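What follows is a short report on a single structure.
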Amino acid sequence: MDHTLAPGISALLVGTAIVSTYINYVVPEPYLDEVFHIPQAQAYCRNAFRTWDPKLTTPAGLYLTTYPLSYVAKCTPALLRSVNAWGTAVLIPIFTYYILGYIHPRKRRSEAAHEAINVALFPLLWFFSGLFYTDVYSTVWVLWSYLAWLRGCVGCSSVTAWWALWFRQTNVLWTGFFIVLEVGRRIKELHEKLVDGEGKVVPGKTAATTVISSAFPYLLVILSFAAFIIWNDFSIALGDKSAHQLTLHLPQIFYFTLFTTITSLPLLLSPKLLYRFYDQNIGIYITTPPSSSRTRKSPKLTIHYTKLLRTTTLLTIILAIIWRNTYFHPYLLADNRHYVFYIFHRTLLAHPLIRYLAAPVYFASTWTVLHVLKASRSVSVLWVYAWAMAVIGTLVTAGLVEFRYFVLGWVIWRVNVRVESAWRRWAETVGFVFVNVATVYVFTQWGFEWKQERGVVQRFMW
């Protein structure tokens with residue numbers, strides 16, 4: 001571990017351990033999805049590998065990860081949860097730190113270390129450091145795969161990408177992301193050799209073979225996933241398939257970009273960004289031509305019709321998507337233990353017109369997320385398309401809106417965004433810490449009961 005990162009990880013590990021201990025004290029028994037995850041992990045700890053809860057929809061990666069603990073201690077809920085605490089406070093910052101070093105080589109080590117800690121503090125990740133869910137290690141393995149690709153070890157990257165599928169099946173889309181990146185890298189290398197005169201002009205068939213073979217390890221991952229789909233009766237979800245059927249849910253894209261924009265406001269908000277948004281998307285100006293001493297010219301209205309037409313077209317598309325494809329999953333409407341329940345009931349579900357009034361906000365947030373990526377100059381246009389396709393593929397096939405589904409899209413976006421100002425990094429830190437403290441407090445202190453389940457404490461969470 002780099003000495004620059006060590007103090008931050010130490011502080012984060014201590015803070016995470018304290019909070020995890022407190023959560024275990026207040027909520028010692030499995031809660032919500034842990035009711036399925038923890039008994040399954042404990043069954044594996046007893047070597048009962050043929051035992052499987054049919055309600056589980058993700059593979060056994062998390063339970064295989066914790067299985068070695070059975071050789072040194074009893075697999076209690078607290079011990080199993082501690083594995084996620086370790087992943088959040090140690091593994092995620094380490095992988096993020098080295099990824100930042102490759103993407104932003106001019107960034108100082110102290111800045112990279114600070115941003116790595118901020119990624120680990122991301123509320124949707126850090127909250128689950130105190131619980132036994134799949135989100136933390138799903139992120140860990142995709143980050144490891146990304147780092148391996150950046151280092152040029154495609155074989156290592158493909159192995160970790162394959163293992164990431166054992167935590168969440170939709171991670172196959174990030175394997176597709178790496179395929180596009182690797183193909184783009186090989187094409188660029190061939191082109192640069194020709195431009196520099198270092199390589200011979202090779203036939204198109206040979207060049208294509210070279211490019212495709214470079215991504216072959218990832219293709220094996222895709223093939224193994226296809227075999228799983230066939231074995232699983234052509235379904236992506238294990239277990240309770242009825243609750244996780246694939247559907248087309250395009251507004252998820254807008255929920256993601258809006259969420260990303262709001263959570264990253266300390267990094268984004270500036271007069272310069274607001275001006276660029278206005279200039280690129282509206283382009284209506286009132287200018288005053290220079291006047292001589294004898295003549296006085298009146299202000300002139302300048303309208304960029306091309307920009308207005310493009311913006312109007314995109315807004316029309318967004319409105320059409322809202323009109324034809326807005327979908328509210330039964331779980332979203334009924335389960336009042338999640339913040340998304342209250343957000344939707346107080347906004348989009350409060351009045352039928354609100355969902356349409358949100359269209360300009362969706363447009364602005366989507367433009368912001370993409371513009372900041374392109375402005376960072378650390379990624380190519382091909383990279384942006386590959387990232388967007390991975391995010392879209394992950395989200396639009398899910399009928400249920402869960403903020404946890406946004407984690408990987410946000411993390412990969414965040415490590416590629418260039419942040420120059422120290423105050424912005426610290427504002428992000430303070431904001432994340434505040435949200436984390438608030439959500440842990442609400443989770444542990446604001447318990448409530450359902451009328452149909454007296455004596456059972458329900459808790460608010462992401």
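Even glycines carry a Cβ here, placed using N, Cα and C.
As given in TrEMBL:
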- 7-27: transmembrane segment (TRANSMEM)
- 85-104: transmembrane segment (TRANSMEM)
- 116-134: transmembrane segment (TRANSMEM)
- 215-232: transmembrane segment (TRANSMEM)
- 252-269: transmembrane segment (TRANSMEM)
- 308-328: transmembrane segment (TRANSMEM)
- 348-370: transmembrane segment (TRANSMEM)
- 382-406: transmembrane segment (TRANSMEM)
- 426-444: transmembrane segment (TRANSMEM)
Spell out yes or no: are there three or more C-beta pairs under 8 angstroms between the transmembrane segment (382-406) and the transmembrane segment (116-134), with each pair 6 or more apart in sequence?
yes
Contact yes or no, the transmembrane segment (7-27) and the transmembrane segment (426-444), 3+ Cβ pairs under 8 Å, gap 6+:
yes
Okay, the transmembrane segment (116-134) and the transmembrane segment (426-444): do they have at least three CB pairs under 8 Å, pairs separated by 6 or more?
yes
Other parts of the chain folded back onto the transmembrane segment (308-328), taken as Cβ under 8 Å at six or more residues beyond its ends:
247-251, 254, 281-284, 344, 348-349, 355-356, 358-360, 362-363, 399
